[in-house]
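Structure, as structure tokens:
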Amino acid sequence: MRTTQLFGNAYSFGNLKELFAKANEEKSGDQLAGIAAADAKERMAAKLVLADVTLAEIRNEPLLPADIDEVSRIIEEGVDEPAFSSIASWTVGELREYILHQGTTGRHIERISFGLTSEIIAAVTKLMSNLDLVQAAAKIEVLTTCNTTIGQRGVLASRAQPNHPSDQVPGMLASLYEALSYGIGDAVLGINPVIDSPENVKRLLEATKEVMAKWEIPTQNCVLAHIQTQMQAIRQGAPADMVFQSLAGTEAGNRAFGIDLSLLDEADELIRAQGSSTGANRWYFETGQGSELSSESHAGIDQLTLESRCYGLARKYKPFIVNTVVGFIGPEYLYDSKQVIRAGLEDHFMGKMHLLPMGCDVCYTNHMQTDQNDMDNLGLLLGAAGVNFLIGVPMADDCMLNYQSTSFHDIATLRDVLRRSPAPEFAEWLGKMGIMNQNGLTPSAGDPTLFT
Amino acid sequence: MEDIPRLPTAWRPRSTEGLERLQSSTPARIGVWRAGTRPTTGQMLKFRCDHASAVDAVYSEVSEELLLELGLFTVETQYGNKEIYLKRPDRGRKLTDEAIDTITKKCKLNPQVQIVVSDGLSGSAIEANLTDCYLSLLDSLAVHGLEAGTPFFVKGGRVACMDQIGELLQAEVLVLFIGERPGLVSSSSMSAYMCYRPRFGTVESDRMVISNIHPQGTFPAEAGAYIGDLLHTILQHKASGVKLDSMRK
């Protein structure tokens, strides 16, 4: 039991789980789960108490014990003991100040990162303002290599997402050509299929590989089917540079996605042996606050902490790219623009604190209290925070998944406004193709018939 | 002399014919060109119009005239208001006490086919598609010799409200017409969820759905006829969803 006095009221928190939930900024998902702070004062009381909790206390009071949850086990096994013991006596408030201290560089954060559990990273996130989250994340540079390398300071990479409502290859290629003509596609050419079959996955992987070969594009491909479908396709000889999977922050949540650790391990072995890429990083993970609650596998834990635990799991597989699909889940988890923007910054920071190559699908559905202007804002904030990549969709309107994300135009604009470039090898290719130069897009950029 | 501001010359793709071919291969917004790095004014406003239509659909109401015309009486879930409806899906699954009372009084018990309609996330989807779909479903039920119970409208419903209704009326099979989450392509798209003996504790995999019912997707009248056939099959096999699939294999 932890207690405090505030505004003449006494507040008490029965356990860490309750304290963690109540210390969150307001989220409709925590309210739906019935674990959020009752009002603004109780929220502040929780933050005050949390600021004085030590990192050792958090490690010693697991929210979900490692003997009953394999995600907890992976997080616990990943802790570097010397790194942890050097900071175990710090409070969460002190950890925040260390991260923000001017003398603390990305290298320093990297060193302590191996000693932090996902719950500790979640805890410090709860005490940080939006601008704290931007500044701290911007310190951390995470480079990864699949066929090409992304993540360098000053680089803003992008996923081309050329989805088609019936997986037709010519239609997919049309959107892909449009993407490439705006300089989009350096992180991955990644398609969400409608039909989850090995044959279809193979067909789409082959189609993107052909474009990469024909135009000598330095990037990587991926088809975001269920992991087992991708594995079957790879065993049938499909050229996959990486494998994709959505992750949840609990073992039960992952079971709802149809996966567990042994399946991830098996896929990891397969892509390392039979993947068509050359680099060390061969995974693409997607996450997003609220997925555990939606599959009733949240164990009473708040959605921010569960999201951090996804990153704890992702870290084990050294992914090439990870992104939170922040606004896809709907208003019962993130109600409005304020909550989506906050969650996007939290997720990006927490991912970077796990030393993950974090991107973000800056997105929303039409029943949320938010619109494209809010996505402009979040894109700019994440760009300033050093996000590794964003998602490029034709005019931000995904005609297959029926939601809105960021457009090719948006990414080109963020690169222009924030002085960011595409990944180096891709930038060189764009120069050769006459699509971009030092001044940004050339007059012929934006014309998909460059590739016909 | 000062420079006179000049508009950039109109865009010409390298291949006009090539661009047309690309555009005709996908509904995605491509070949849209740009103003600097930003979308053109026309494209930007078109996008905003489509979003406006989707947002308004979420807040749209089903008209009294339509309900009167189809002879549907109205009950409500515990959704409260639109904001609570969006934040608390659980409330849209529970009927008010008044609704339970009304349904019990007005509806035929143990119906073979119970038809329920709800606005869900798009009242305009019901407004646009229900009549054609509903009337062709009634025809189809007649052809199959199936008997429908007393149909009604549930304001503020979620898909799983069918469980409580199925329980109350002891329905053999239930079909729920409900407005889908609006997209930019269509803000008025309707779904039909079907379930054999929906009761408290029914698992999601027992439900089956025909989605995308609107004039640019599955035609409402065709959907109605197809739903009638499906309900017939469900009743024959006494199962729906994954269970039915495995029996038919």
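Every residue gets a Cβ built from N, Cα and C, even glycine.
What TrEMBL annotates here:
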type: BINDING; residues: A:R159, A:A160, A:Q161, A:N192, A:E286, A:D361; note: substrate binding site
type: BINDING; residues: A:P193, A:Q245, A:S294, A:M400; note: adenosylcob(III)alamin binding site
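The structure, with features from TrEMBL marked on it.
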residue	record	DSSP (3 states)
A:R159	substrate binding site	strand
A:N192	substrate binding site	coil
A:Q245	adenosylcob(III)alamin binding site	strand
A:E286	substrate binding site	strand
A:S294	adenosylcob(III)alamin binding site	helix
A:D361	substrate binding site	coil
A:M400	adenosylcob(III)alamin binding site	coil
Sparsest-packed of the listed binding-site residues (A:N192, A:Q245) - C-beta count within 10 angstroms: A:N192
A:A160 (substrate binding site), number of other Cβ atoms within 10 Å: 28
Distance, A:E286 (substrate binding site) to A:S294 (adenosylcob(III)alamin binding site) (CA atoms, angstrom): 16
A:P193 (adenosylcob(III)alamin binding site) CB neighbourhood, other CB atoms within 10 A: 21
Integer Cα-Cα distance in angstrom, A:D361 (substrate binding site) to A:P193 (adenosylcob(III)alamin binding site): 17
Inter-residue C-alpha distance, A:Q245 (adenosylcob(III)alamin binding site) and A:A160 (substrate binding site) (nearest angstrom): 17
Long-range Cβ environment of A:E286 (substrate binding site), under 8 Å and at least 6 residues apart: A:L224, A:F244, A:Q245, A:S246, A:L247, A:V322, A:N323, A:T324, A:V325, A:D361
Any further residue of that chain within 8 Å (Cβ to the Cβ centroid of A:R159, A:A160, A:Q161, A:N192, A:E286, A:D361) of the recorded substrate site: A:V188, A:G190, A:L224, A:N323, A:I391, A:G392, A:V393, A:S405
Position of peak Cβ density within 10 Å, selected from the binding-site residues A:Q161, A:S294: A:Q161
Proximal but sequence-remote residues of the same chain as A:R159 (substrate binding site) (Cβ under 8 Å, at least 6 apart): A:I184, A:G185, A:A187, A:V188, A:L189, A:G190, A:I321, A:N323, A:G359, A:F389, A:L390, A:I391, A:G392
